[in-house]
Amino acid sequence: MGPESGVSIPSPPRNPSSLSWVNLSGNLILAYQSLGVVYGDLSTSPLYVYSSTFIGNLQDHQNEDAIFGAFSLIFWTLTLIPLLKYVFIMLGADDSGEGGTFALYSLLCRHAKFSLLPNQQAADEELSAYKYGPSMQVATGSPLKRFLEKHKALRTALLVVVLFGASMVIGDGVLTPAISVLSSVSGLQVTEKKLASGEIVVLACVILVGLFALQHFGTRRVAFMFAPIVIIWLVSIFSIGLYNIIFWNPKIVRAISPYYIIKFFRETGKDGWFSLGGILLSVTGTEAMFADLGHFTALSIRLAFAFVVYPCLVVQYMGQAAFLSRNPQKVLNSFYDSIPGPVFWPIFVIATLATIVGSQAIITATFSLIKQCHALGCFPRVKVVHTSKHILGQIYIPEINWILMILTLAITIGFRSTTLIGNAYGLACITVMFITTFLMALVVTFVWQKSVLLAAMFLVFFWFSEGVYLSAALMKVPQGGWVPLVLSVIFMLVMYIWHYGTRKKYNFDLHNKVSLKWLLGLGPSLGIVRVPGIGLIYSELATGVPAIFSHFVTNLPAFHKVLVFVCVKSVPVPYVSPEERFLIGRVCPRPYRMYRCIVRYGYKDIQRDDGDFEDQLIQSISEFIQMEAGDAQFCSSESSSYDGRLAVISSRTIQSSSSLIVTEREDCDGIESIQSSKSLMLQSLRSAYPDDENPGVRRRHVRFEVAASPGMDTGVREELMDLIEAKEAGVAYIMGHSYVKARRSSSYLKKLVIDMGYSFLRKNCRGPSVALNIPHINLIEVGMIYYV
């Protein structure tokens, strides 16, 4: 979820003092916006922390010393984890401005050979985003780095750890709405008309259904209210906390001293350790500070937390503790009981709105995370809907939304208690923090190129701090803590089975490539009739000719005059600029008219259906043809391998030096495009089915002509003319319709994973042609069986 309203910052003046003021004002605006996006979850924790801490093992220790000790633990937990770890350290480990678990993994994959992504090339390392961070040529001799790169099992284990962390974040997407909304509406139990527990659950479920049902509209229409809601909420809890400190027990200020923590454990013993699972809930939502970094700046998030969120939370927890020290019997609904009577209803309304904002943030973050998992080849293809034309990253995934809703309702109805849901929620959050600490220690060593000793000190300090909470949270597994573990195992199995099957399928393609010698032996005609038109052959291979091509050629007597092998792939960077997206090359000598196009996307890039891919491809190939003719490196060695020599074709280069004349026309009914096709059958089909999804949409039709240039080589002109004629004749998309099966000699486990797990996921996810926005009217599928 990104900043919801555009920020227009004037161009910076030359005066240095004015420049710093503009930067500061821009960061202050972003800090304001971040309150509604990043801190909704963290700021609503006071609703349930004290009740989750004292209900259970500490029921016999509800006295002033125990309450003072609990506040001291909350204060130092807020100081050590969100403030010290995230604000001062983690926010500096961004990947081209992006944060989160996958950003850390992406950094590691680029600075060390940890990546398990297929079809990676040396050309990917030339991307501008790839070079983000310290120079990668310094720390090549690290023994630890060589050891990890050498053993594939360790790299696989690292991916499993990352996937487990991602699965826990998805678990947060289920648990956050449940605990937040249920805890906010539970305030109705302290009113004069006390609602029963069942009525509270029904009300919470109604709100949750409404929250998930409205996701497909996006948040752009109401998002401008998010930051004001959270600010009003923070000011309210600060004011109530300050009132409670002064009115009930000003001595609570002394509890900031760590001495009260020692006193707490001395009195409560083992019961105090068990209660840390409740204290842990005070920092749930902290991971959002790092995960949502890409929508803001590190400075803006630091300013918002250090000067607004942190003081408000500390004063609120202190005020609640002051209230409880005089009213220990009211620990069940301590937040609502501590509110002065005249302001109860306004606070109740704003609390409900704040929990909805916090839930909205984590739901949107879950959509974004699943999109990243898919980009890294670790999640089945799902429908991604863009809910905003103006704000990048505003996406909605229908299947995931309804799965989250069903799971959230099941947990709300099944547990009916914020304490039990809190046990599950705390375990999910601390596990994500624990994994993030481990990945961060690797980043300190391999990316920041600091000593292993410094990374070990960071790891030991924070693992010890978080390990204490993790051990307490694990003790709550029988009382609800099993939920995130079960959800994570299910999601991780789905991710790993998809990743495993995809890699096996890719390896099959890699080992069954068509021999270039065989193609060259067939001659420019390939031993068949070359008909007018362009054939776009989609494959995951970045080099070589896929097996589906030979399968197609041997079964059909004709093929298109111009062939382009297209590979759409992900690279371990957040974004690839449009200027660097296309790699163009040849597969065979010039008379064959066979080219390769590699389209590269980052793990946070959105593949939009712009409708002009064909036009961009034609312009890119024509630019490559002219570049090749004028570049001695491409022309010097006819004997060297054609396949593998690629050039980055920038859109800026095309606009400035192309010899093609481009004319554009827009129409509403598609008549022009129908008439331009030479196939009568295609004309009739297009007339019958003009556009299933967007009837009457304005389409941009582009016509190409070769510019009159006396100095142009005859062979180049002839090749450009063939390219344009083929485009006018029509474009066909050829894809493999694959069936993946395990070999008969495979183990029973592998057969179970491939024949049942992977096949089930492939049958029930979106097809590759739909995911790549390929028009069905132009699609040709070639059936193939993969025995892996």
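Cβ coordinates come from backbone N, Cα and C, glycine included.
Note: TrEMBL annotation is automatic and uncurated.
Residues annotated as domain 'K+ potassium transporter integral membrane' in TrEMBL: 30-519.
Through the fold, the transmembrane segment (66-88) approaches residues 42, 49-50, 53-54, 58, 252, 254-258, 260-261, 263-265, 267-268, 272, 275-276, 279-280, 282-283, 286, 289-290, 301-302, 305-306, 310, 313-314, 317-318, 320-321, 324-325, 328, 433, 437, 462, 465-466, 469 of its own chain, all at least 6 residues removed from its boundaries and within a Cβ separation under 8 Å. According to TrEMBL, the transmembrane segment annotation covers 66-88 (among others).
A Cβ distance under 8 Å defines the sequence-distant neighbours of the transmembrane segment (153-175), meaning residues of its chain 6+ beyond its ends; these are 101-102, 105, 108, 114-116, 147, 287, 291, 362-363, 365-366, 369-370, 373, 378, 404, 407-408, 411, 421, 424-425, 428-429, 431-432, 435-436, 438-439, 483-484, 487-489, 491-492, 495-496, 499. As annotated by TrEMBL, transmembrane segment applies to 153-175 (among others).
If you look at the transmembrane segment (195-214), the same-chain residues 6 or more away from its ends with a CB under 8 A from one of its CBs are 177-178, 181-182, 185-186, 188-189, 352, 356, 359-360, 363, 401-402, 404-405, 408-409, 412-413, 416. If you look up TrEMBL, you'll see 195-214 (among others) marked as transmembrane segment.
Per TrEMBL, transmembrane segment is recorded for 226-248 (among others). Same-chain residues lying 6 or more positions outside the transmembrane segment (226-248) and placing a CB less than 8 Å from one of its CB atoms are 4, 32-37, 39-40, 43-44, 46, 219, 308-309, 311-313, 315-320, 322-323, 325-327, 338-340, 343, 346-347, 350-351, 353-354, 357, 360.
The feature transmembrane segment is assigned by TrEMBL to 273-291 (among others).
If you look up TrEMBL, you'll see 303-323 (among others) marked as transmembrane segment.
For 343-370 (among others), the entry in TrEMBL reads transmembrane segment. Outside the transmembrane segment (343-370) by six or more residues, the chain places 1, 36-38, 40-44, 47, 100, 102, 166, 169-170, 172-173, 176-177, 180-181, 183-185, 187-188, 191, 207, 211-212, 215, 219, 226, 229-230, 232-233, 236, 240, 285, 288, 291-292, 336, 379, 382, 393-397, 400-401, 404, 604 with a CB less than 8 A from a CB of the stretch.
The annotation transmembrane segment is assigned in TrEMBL to 391-413 (among others). Within the chain carrying the transmembrane segment (391-413), a Cβ under 8 angstroms from the stretch's Cβ atoms is held by residues 1-4, 173-175, 177-178, 181-182, 201, 204-205, 208-209, 212-213, 215-216, 218-220, 294-295, 363-364, 366-368, 370-371, 382-385, 421, 424, 483, 487, 604, 606, all 6 or more beyond its ends.
Through the fold, the transmembrane segment (425-447) approaches residues 52, 81, 85, 89-90, 93, 101, 104-105, 107-108, 111-112, 133-134, 139, 142, 144-145, 161-162, 164-165, 168-169, 171-172, 175-176, 179, 277-278, 280-281, 283-287, 290, 454-456, 458-459, 462-463, 466-467, 469-470, 473-474, 476-477, 481, 484-485, 488 of its own chain, all at least 6 residues removed from its boundaries and within a Cβ separation under 8 Å. The transmembrane segment annotation in TrEMBL covers 425-447 (among others).
Positions annotated as transmembrane segment by TrEMBL: 454-475 (among others). Counting residues 6+ beyond its ends, the transmembrane segment (454-475) has Cβ neighbours under 8 Å at 77, 80-81, 85, 89, 273-277, 279-280, 423, 426-427, 430-431, 433-434, 437-438, 440-442, 444-445, 481 in the same chain.
What TrEMBL records for 481-498 (among others) is transmembrane segment. Remote same-chain partners of the transmembrane segment (481-498), defined as residues 6 or more beyond its termini with a Cβ less than 8 Å from a stretch Cβ, comprise 160, 163-164, 166-168, 170-171, 174-175, 277, 373, 377-380, 407, 411, 423-428, 431, 473-475, 753, 757-758, 761.
Among the features that TrEMBL reports, transmembrane segment is placed at 518-538 (among others).
TrEMBL lists 532-786 with the feature domain 'K+ potassium transporter C-terminal'.
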